[in-house]
Structures are given as structure tokens and as C-alpha cells.
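A.B. asks: This is the feature table in TrEMBL:
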type: REGION; residues: B:453-474; note: region 'Disordered'
type: TRANSMEM; residues: B:40-66; note: transmembrane segment
type: TRANSMEM; residues: B:86-106; note: transmembrane segment
type: TRANSMEM; residues: B:118-147; note: transmembrane segment
type: TRANSMEM; residues: B:167-190; note: transmembrane segment
type: TRANSMEM; residues: B:225-244; note: transmembrane segment
type: TRANSMEM; residues: B:264-284; note: transmembrane segment
type: TRANSMEM; residues: B:305-326; note: transmembrane segment
type: TRANSMEM; residues: B:346-363; note: transmembrane segment
type: TRANSMEM; residues: B:372-398; note: transmembrane segment
type: TRANSMEM; residues: B:418-437; note: transmembrane segment
């Protein structure tokens, strides 16, 4: 059921071949098969996170946690430094007879800024590493791709994969039992 | 159980036989309907909310023009209704974060159906709460002096004051909750984008969805970020209400200077928050026909959490009174005497009736399964927790060290109009939210549906291998 090649005279650039599946299990099987076949540049598109899909696709683990840890420590250190600098160095004031470096009083703000910076790093760094916001992506050209956020599961083998061959890859994907296999333009 | 429009009343986390597309249609179809064809209850609810929002804005305008003296505050009782309402509102917010973050860390799959609207409730409650620390200032236009920034005076905020900690706690809480909520919304906004037929509606959700395409690479980072946000929000929510408790506990006033305050305030916040979750959930599941997704199991569990935190609060009341006696300090003892038998004893006893007595029926499974009973108990708890703050803030200040500085406190019409108006602000935001955004996190529900398909026939209480919190690689 391969999607008809567009009737343009100039050869359209190909983004990849996309197979559409009805269940997450079928997608997982297909992703495993594709990895064993030697494909490396591929991605899957699902309406919800499918456990085990990242291993099936041979993805490495995310390092987001480390970035968050570093930013959190930085946030906490700078918050404590700011308070100490303001109250001990820059404009020391005797307020309530408390010591200038009243460090227990600085803990709340130190804590809050630690959370603020690490949370914003976790959220925004995740979006940035995912390349978002990005309204247009070639994968959106896939027929029926609206269902990728509803109840369908897609596997894309990208044309940039060294193993990619339009005929062979299409035949390989057809064997995995998809609803359809489509050629997707870049 | 009774079946109405294909809806099953069930004790499972989601009713059996759900499909991905079915969940999608149930949640998203009402949102994508033409605005003019919104149900009549929506127009009524929004209208009432909007009316009281106008009352709010009128009160705020009067406050800024005429000054803070329009409130009933006096010299012994300089903190009154604005602070009571501030603590009440921010307490309500805490249940939302508890549901979205803490229950995620404990892998509680019943959080999935209720986390979205509970987080929205948090945000709107924080909006209402966040206004009070500014509005109760005598000169609200100088509130930015509370933020540290390089200025030509060389002045800094006073970092030794809990009121400045509040600024950091509330602004962090508001912005982190908003981020957590938005990150959770992105996949669902993409669903709405893909379902929308109207070009402008598509553009609206498409812009908010940031081009989310459900890629496996995205989901991997997303799950990790979501887990990290949950792990960060958990201590945050504990710290925010603790910080607010320190506004009181840091002072020397008998009745305020209690070391129990931080955990006791946090428990009270969760208690009041779950009451509000129930007040919102019970009508919501009928309004949108969500009984298959927000089931009796959720109401039952919310009621259990409410009971557990309620009993911690009751313990707090007992300990406060015991320590007042045990301290041997006559001011502390008088504080307790004044609460129990003074001019405002009615407030204390009403609070005991609402928070300690009214929740006891929740031990019974039958009561926890009855929506009418839960709704009424939740309303009573909301009133009771408001009275608790009233007793702690106001009744304590009326009678402290110097008898020559004893006073009474009577709220003015503006105290009330600002409070009732802030409910209008909350309702307006709430009705806009339920009309524009999915009240249930569909992508998370689909994970549950997926899990359900593999374990059909099993009980639902066993450990579910789903959830955002799942570590990707062992």
C-alpha cells in the first residue's frame, strides 16, 4: 500500500518511510526488528509514552538530570551568596539585634531559588533539547499523522540512515504488519 | 451499577473497556465545540464568576484609592482577613501539587484522572492568594521593594524576615506550578491541535503545543523532566506552606510562636485542598460525563487523604492546647483560655465542629462513596479551615501580652467583598479553564488504558507499570 510517489517532475527530497501501526505492541516489535536489521536513524511517534520503546529504538539515556543538578546547585549557591553579600558586605544593618551573617534565616530563600532554577532547567531544557517550539516538521506530512496524538503508532526510518534504501526498506516495513507504509517528503 | 449514557459507576481507577479514541472523544470533544454552543451551566457559572470578579476589582480599586483603612484591621489586630484569606487560598492550592507531584513519586495511578484540574485549581488558588500580600500592604505600589535588585539607594530586602521569604516562596510556587502544569499540557494540546477542525482553533492549540509530535526521543526527555519536576515540587509544596507558617511561628506572640506550626500548616493545607478538589470534582464529572475516568475510587481516595490530614490537624489542635498548659507560661495559658472561653470562643468551637467532628463519618466506606455526603463534608471543611486561620491570626492577636492593648476585631464590608470577590476571580479562571483546556490529562489516561488492556480482569490496586515516573533504562 505504498503511498504514490508525487507527480512532481523534480525529484522530491525524501524525509523517510513511515509505517503506521494500530497497537503499541506492534510498534515495539517493529522497532526491535528495525534495530536488529541495522537501522539507526529512526524515530517512533506515539500518543503516550510506550515503555521500552527507547531501548527498542536503541536510544541512549537522557542526561537531563545532571544539567538540573548543576543548575540547582548554582541557584542555591548564588541565592545564599546574594543574601550574605547584601547583609554582610554591601549594606550591613543591625536589624533586631541579629547577627549579620544570620545563616539560618537565609535557608528558605536559598532553598526556594534552588527549586526555582532546577525546575525551570528541567522544563525548559527538556523543551529546548527536543527542539521545541518547532511548528513545522517533515513528519507532519505523513498521511493520517493526526492520529499519532490519538490512537495510532508510527515508526519512521529516516532517509539519512546509511542502511536506507527506498525499495528494500519499504519492503522490510511492509513485512512488519503495518496499516500502511508512506513515503514522507522533507 | 446504573448505566447512563454508557457511563458506568465503578470503583476502579478507570472504568473497564476504555479505548484511546474513546478517552480522546470524551475529554476533547466538548472543548472543541463552538463556543456559542457551550452548555447553559457553563454560561451561568462563568457569569456568576465574572460578576464577583467585578466585585473584586471594585474592592481593589476602592482599596487603592482610599487606602488600607477600609478594612476592619486595628492596632492590636493589624493582620486580619487579608492574611486569613491569603493563607486559606494558598492552602487550597497545595492539594493540587500533592496530587500531581507527590502521588506521582508514589506511583499512585489514581492521580492520573484528577491531576490536571487539581493543578489548575492550584494555579488559580495561588493567583487569588498571591494578590493578598500585595493588597494588604499600606503602599501596594512599592511591593517591588521586596525583590532584590540593584538600585540607586543601595537598599536590599530584609532577608531575615519571613515576609520576604514569602515573596520567594510564593513566586517560586506560582511559577514552578505553572511550568509543571504547562509541561503536562503540551502533549494534550497537541491532541487538541490535531482534533481541531476550525483553522483558528487549530492555530491556537498548535501554537501552545509548540509543535509536539510525540516522538520517542521527546517522550524520553519529557518523562524524565516530568519526574524531576515532581521531585522538585514535592519539597517545594512542603516548604511553601511551612514558610507561611513561619510568618507566625517566627514571632513571639503567644499562640503564634509554636514550633509545630510548619508541619501542622502543611497538613491543614492538604486537608483544605482536598476538600476543594472534591468540591470541584463532584460537579465536574457530571458536567462533562467523566464518570468513567473520575470514578468513585478517586472520590474515595481523596476522602481518605482528607481524613488522614484532617486527623493530623486535630492532633495539632490537641498539641497546641496541651503545650499551652504544659509550658507553664501564663500568656500561653491565657491564649488557650481565650480561644476556648473568650469573646470569640464561638470561632474556636465552630472550627472544632467543622474540622474535627464533621470529618469523622469519613471513616465509613458508605459515606466516602456517597457524593452528596462528600460534597457537604468538603464544604464544611473549607469553612472550618477558614475558621482555623481566623482563630490563629485574629483571635490570637486580640489578646496578647499587654491588657491595655487588647482589642476586638470586626471585618468591614470591604473585607468581605474582597474575599467573595477573590472567589469570583477563582471561578472565572476555573470556568475559562474547563472550557478551553482538557480537564483530564488524556495522554496519561491512555497509558492507564494501555495498562488496563493487558491486565483486564485483574484488580486495579496492584502496582501498575505505567506512569510518567517510570525510569527509562534500568
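Glycine is treated like the rest: Cβ placed from N, Cα and C.
Because TrEMBL annotations are produced automatically, they should be read as predictions rather than curated entries.
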A.B. asks: Going along the chain, which residues at least six beyond the ends of the transmembrane segment (B:346-363) come within the CB cut-off of under 8 Å?
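C.D. replies: Beyond its ends, the transmembrane segment (B:346-363) has Cβ neighbours at 271, 303-304, 306-307, 310-311, 313-314, 317, 339-340, 373, 377, 380-381, 383-385, 387-388, 390-391, 395.
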A.B. asks: Have the transmembrane segment (B:118-147) and the transmembrane segment (B:225-244) got at least three CB pairs under 8 Å, pairs 6 or more apart in sequence?
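C.D. replies: Counting Cβ pairs under 8 Å, fewer than 3, so no.
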A.B. asks: Take the C-beta pairs under 8 A between the transmembrane segment (B:418-437) and each of B:40-66, B:86-106, B:225-244, B:264-284, B:372-398. Which stretch has the highest count?
C.D. replies: B:40-66
A.B. asks: Short question: most Cβ pairs under 8 Å with the transmembrane segment (B:86-106), which of B:40-66, B:225-244, B:372-398?
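C.D. replies: When the Cβ pairs under 8 Å are tallied, B:225-244 comes out ahead.
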A.B. asks: Do the transmembrane segment (B:225-244) and the transmembrane segment (B:264-284) share at least 3 Cβ pairs under 8 Å, sequence separation 6 or more?
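C.D. replies: Stretch pair touches.
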